[in-house]
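Per Swiss-Prot, the feature substrate binding site maps to S92, N108, V109, R110, G257, G258, R259. Among the features that Swiss-Prot reports, divalent metal cation binding site is placed at H96, H106, H145, H175, with the record citing sequence analysis. Taken from Swiss-Prot, the feature active site, proton donor applies to H106. What Swiss-Prot records for H175 is site 'Important for dimerization'. Marked as region 'Important for dimerization' by Swiss-Prot: 239-274.
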Amino acid sequence: MNEFDRVRDYLTDLQDRICAAVEAADGKARFAEDLWKREEGGGGRTRILRDGAVFEQAGIGFSDVSGTRLPPSASAHRPELAGATWRACGVSLVFHPHNPYIPTTHMNVRYFRAERDGEVVAAWFGGGFDLTPFYPFDEDVQHWHRVAQALCVPFGQERYAAHKRWCDEYFFLRHRNETRGVGGLFFDDLGQDFERDFAYQRAVGDGFLDAYIPIVQRRKDTPYGEREREFQLYRRGRYVEFNLVYDRGTLFGLQSGGRAESILMSLPPRVRWEYGFTPEPGSAEARLADYLIPRDWLG
């Protein structure tokens, strides 16, 4: 089996395993599957769970797509790939829970390969996971980062610190001067050693459930009211802003003629903006700002 097919098989299995775990955690709703094809090449399967007991919407998509010309979002920082054919596969998910005390989360793992005249000229892995709480708890954030740190250990002493820092820098809303959440791991252009890099991708993909599901179980029965719900919807607006303004994956998908429904499944089903909103000083809502700056959560 060639390298691309090995990655592809892992990713389809990962999607299946995460769906099964999320359905078990929700206990009510199940994923609906939408199979699709892309005219230029490839396709995928998008799965959406809606109106569950725990999750308002959970989307997880697998795609395997190809093309004859790289979109600007991909070739801008790799001009030597202009004119190359390409193929990319990945799994991407975003979960939006009902309860404002359960954080929203995102995970993505992907593999990209470019060829010219039948020769592979570039290949790399990318991905990571990050957490976006609305009412954060130190124990949840520390658990999230402990899992991230542990899965990085076999890949070198500096791996966690480097990819945590990359996550903090990538998921940053410059126009708001705040991070999207409390971070996690982020990496891209990882292509020095296929076996080692593929092992790291698997560690990230497999570690996601260990990082997230215990937080869901801990917070899913926390009582909340209209105030918390309104704040959750307001903060979801930041999520939308990041995905539509900064996210390279969203831009790549749209610029490459990708399937808009699948690309935009990351957006929350309900969201609101409020002009000039400022949380009451000393409130639980105001406390969130202390978490939206890069920090050493395990120090």
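In case you wondered, yes, glycine gets a Cβ from its N, Cα and C as well.
Separating the Cα atoms of V109 (substrate binding site) and H175 (divalent metal cation binding site) is a whole-number distance of 27 Å.
In the predicted model, the region 'Important for dimerization' (239-274) shows an average pLDDT of 89.
In three-state terms derived from DSSP, H145 (divalent metal cation binding site) belongs to a helical segment.
For S92 (substrate binding site) paired with H106 (divalent metal cation binding site), the C-alpha to C-alpha distance reads 8 Å. Annotation: S92 carries the greatest number of neighbouring Cβ atoms among the binding-site residues S92, N108 [cut-off 10 Å, Cβ to Cβ].
Across the region 'Important for dimerization' (239-274), DSSP assigns 22 helix, 0 strand, 14 coil. G257 (substrate binding site) sits 23 Å from H106 (divalent metal cation binding site), taking the C-alpha atoms as the reference points.
Other Cβ atoms within 10 Å of the Cβ of V109 (substrate binding site) number 27 in total over all chains. Of all the binding-site residues given, namely H96, H175, R259, the one with the smallest number of surrounding CB atoms inside 10 A is H175. Comparing G258 (substrate binding site) with H145 (divalent metal cation binding site), their Cα atoms are 32 Å apart once rounded.
Within the set of binding-site residues (H106, R110), the lowest number of other Cβ atoms found within 10 Å of a Cβ is recorded at R110.
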